[in-house]
Amino acid sequence: MRGSGAKIAGVLPLFMLFIAGTISAFEDIERLRIWPLPAQVSHGGRRMYLSGDFKLVTEGSKYGDASGILKEGFDRMLGVVRLSHVISGDRNSSGTGGSALLQGLHVIISSSTDELEYGADESYKLVVPSPEKPSYAQLEAKSVYGALHGLQTFSQLCHFNLKKKVIEILMTPWNIIDQPRFSYRGLLIDTSRHYLPLPVIKNVIDSMTYAKLNVLHWHIVDTQSFPLEIPSYPKLWNGAYSSSQRYTFEDAAEIVNYARRRGIHVLAEIDVPGHALSWGKGYPALWPSKNCQEPLDVSSDFTFKVIDGILSDFSKIFKFKFVHLGGDEVNTTCWSATPRIAQWLKKHRMSEKEAYQYFVLRAQKIALSHGYEIINWEETFINFGSKLNRKTVVHNWLNTGLVENVTASGLRCIVSNQEFWYLDHIDAPWQGFYANEPFQNITDKKQQSLVLGGEVCMWGEHIDASDIEQTIWPRAAAAAERLWTPYAKLAKNPNNVTTRLAHFRCLLNQRGVAAAPLVGGGRVVPFEPGSCLAQ
């Protein structure tokens, strides 16, 4: 918001305010109660209080906020800060000390655009002054989306003073310089195995912002159901569980817009040629036969016309540069078992494996024609890696050592190795999520640059709207710090961050996120009465 009319006396440049030296001892780091841990932090020992009419000021910013993204983010930040208690104290009185009253936040953004581009600058610099300094905190960022991250960090500095019943910031002055380690920090949700209503998906998106995750991988369809409306082929959503468990095209556009305004990309996935039985509920011609319904019919041009129609429709609303085409767990026996397709294979002198390659590469060409770069699951690389389009990103989920091989071949990679980053593995504790290193055994800088980041996967076979949040959180937060915080700042022993993660879990609870206890694996119940800090 430009030109609020507020005057800011003596706001100092961020670099002049930055105190030399950063937090290094883990004992001190654990006192910070910030998650994920910023790149550089220094603080003092004073306190300030938030004014009752805490303001957003944008004088000097090139970003005009015509779309309201910054103002909405500021309002959300204040909302969660004030959510945990009723603020009944006089937040503007001398009782809090006039010089200790923080009047607002001065945000300066150097880019005038709010286009959400993959790889855009997400850095920010945050200064909260001491009581003797200017009465405005200052946040600088290259992009509005970096500023949103800064707002999240600012919200974690705010605490409720039980005696004065106002919001305070302890340990001022604060000086934080921060940016993400990886550009891709993802969370997968699966709406085929169990339908997730729109409010649930929006709640997941909101919770992602608290941990600075930035990609929602929407595994929309699979064998079990096809819940999304595709205007080009309107019978496809006949594969939904019921008419009430569907997403209209406008619903999908709303999810994309909701996420975008929070700095989150939406990666859409259609998993082909396997995992696609539900497609044939509306168009049986997509099946090899009525008795052999998966994978999709490789011999039929109609199959690829449908894929083209889906991706054409996707391109109207899913604006992320990538689309996910799956390609995993393809059992090709139906092709040889169906006489018509077996004859086609013979005519084209293809084995089942060669037909699998043909299908994946043809689907890739269709995606490229609609302006997308492609992500495929790792089986495509294992089976015919040298044939993949060079714009392919290989999504690792099976083999821990695959990332090294993918990057050595010159292809990009996303890490989701199931032994550590699959959230549906209920017995997997948060420590494994924290310790999982995307650069494991990769020391070459060029190969490291090809690792885009990582993603935790919330597969939907055994979760629905009733338990998705406590299955995701707090374990996803452990991975989020791995993907955000500089490697040198990460704890070598995950147990060293237990106190800070417990505070973040309590913070999620206070913000209405049903994050489970840390003790045990995922989705565990509290083992006895007690504080959320101890569980």
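Start at 1 and count along the chain as shown; that gives each residue its number.
Every residue, even glycine, has its Cβ placed from backbone N, Cα and C.
Glu329 (active site, proton donor) carries neither a helix nor a strand DSSP state and counts as coil. When Cβ atoms from all protein chains are considered, those within 10 Å of Glu329 (active site, proton donor) total 13, not counting its own. Sequence annotations record features per position, and here Swiss-Prot assigns active site, proton donor to Glu329 based on similarity to another entry.
What Swiss-Prot records for Cys292-Cys334 (among others) is disulfide bond. All protein chains considered, the CB of Cys334 (disulfide bond) has 20 other CB atoms within 10 Å. Following the DSSP three-state reduction, the secondary structure of Cys334 (disulfide bond) is helix.
The disulfide bond annotation in Swiss-Prot covers Cys506-Cys532 (among others). All protein chains included, Cys532 (disulfide bond) registers 17 other Cβ atoms within 10 Å of its own Cβ.
Swiss-Prot lists Asn92 (among others) with the feature N-linked glycosylation site.
Within its own chain, Asn331 (N-linked glycosylation site) has Gly274, Glu294, Pro295 as residues 6 or more apart in sequence whose C-beta sits under 8 angstroms from its own. Residues or ranges marked as N-linked glycosylation site in Swiss-Prot (evidence: sequence analysis): Asn331 (among others).
Per Swiss-Prot, N-linked glycosylation site is recorded for Asn405 (among others), and the stated evidence type is sequence analysis. Around Asn405 (N-linked glycosylation site), the C-beta neighbours below 8 angstroms that are at least 6 residues distant in the chain are Phe381.
Other Cβ atoms within 10 Å of the Cβ of Asn441 (N-linked glycosylation site), summed over all protein chains shown, number 10. Taken from Swiss-Prot, the feature N-linked glycosylation site applies to Asn441 (among others), supported by sequence analysis.
If you look up Swiss-Prot, you'll see Asn496 (among others) marked as N-linked glycosylation site.
Under the heading signal peptide, Swiss-Prot lists 1-24.
Calculated from their C-alpha atoms, the gap between Glu329 (active site, proton donor) and Cys532 (disulfide bond) amounts to 40 Å. Looking at Cys506 (disulfide bond) and Asn441 (N-linked glycosylation site), their Cα atoms lie 35 Å from each other.
Closest in space to Cys292 (disulfide bond), of the recorded positions given as Asn441, Asn496, Cys532, is Asn441, taking the CA atom of each residue. Asn441 (N-linked glycosylation site) is 39 Å away from Cys334 (disulfide bond) when you measure Cα to Cα.
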